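See below for the structure under consideration.
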């Protein structure tokens, strides 16, 4: 393994720069919160939050692929780790968020006040 | 040595052990699966947070108003900056970690040691920052009133700027002290220390300051908290039940009770991961210095703890988004 190993230093610094830029963009958007993004919705989520989630997943991809060096692993390992997590997380989020939203509606429309 | 690093890969003996179907050694593969299970634990927490937030979507606290402290900038609202700094620190410690792994592949012992050391320092700074954030969160800044129905009232002036209880509450001579064990019978004691002001003191102070208004938890169309008129404010304040200062697991001055619970639990669990990561990194750091991996002719152990450390960074990326941005 140690022989003929090529150093990844250049790529590491590139990924670091990329993650820093993405984080900076997130922070700037988080501070200024442009109204056009915040008050326009796309499938129940406002555009600003869409951007935040997409950038988060973009960062996560680089951390896992470059830093954790998933790109160098066999595809069998890659699939067994990544697809499991993605499937279960989406499933969990779908169930819990749907339920949370439903309970919100019940509280909102019922005759009993919960918070006054 | 063979127990920790698989070096032999004998393809002729398929069932004889030593071969790696996933192309990773036993330890590394298991670290990956540990990360899978840990990732699911964190997802469970974050999904539960999302559940509660969806449930109280119209009254959830605004992160910008809660996390707006920066060291040496007292009273200046600085949302996001501090947590952004923490994020950079953690990303940078991830970079030094991956550089340590890279140096390990090239069998450069000193370089590995230096980078491991920097990673440990970065982790310590991060945990320290988190402690400071917790301190501010627990201490609180303005204080609030909880009504009989469990909703939270905050105070603002005419311009909608937050006003602290200390700025307007009057001192009444009633002054009840928290009952401690040494002052009463053995079965008599208050569960917690009393707030600085009583409900009556806040109400009297509010009456004496006609410019003050009450702000409720409810979010408006523009995602701001609703500010009541003076008459409505007085009516709401008459239902006051409890003075809330700072945050604990029971109530917090920022809004929904669950907000503080999730904050403590999720950032706390993440902080616990960082601390255990630092401890593991220190152990590996000393092993590097002692030349353990030099003798083993493989720095794979550094790679394994590196995986864990990056995972901690990965979780923070999500916590950062979910708690502070969205």
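Each Cβ is built from the backbone N, Cα and C atoms, and glycine gets one as well.
The range from B:288-306, B:307-325 that TrEMBL describes as transmembrane segment is residues B:307-325. Check TrEMBL against the ranges B:237-261, B:262-286 and you find transmembrane segment recorded for B:262-286.
From the options B:10-30, B:31-51, the stretch TrEMBL describes as transmembrane segment is B:31-51. Listed as Cβ neighbours of the transmembrane segment (B:31-51) (distance under 8 Å, sequence separation of 6 or more from its ends, same chain) are residues 24, 262, 265-266, 269-270, 273, 304, 307-308, 311, 314-315, 318-319, 322-323. The list of residues near the transmembrane segment (B:307-325) in space but at least 6 beyond its ends in sequence, with Cβ under 8 angstroms from a Cβ of it, reads 28, 31-32, 34-35, 38-39, 42, 46, 49-50, 63, 67, 80, 83, 87, 90-91, 93-94, 97-98, 119, 123, 263, 266-267, 270, 273-274, 277, 280-281.
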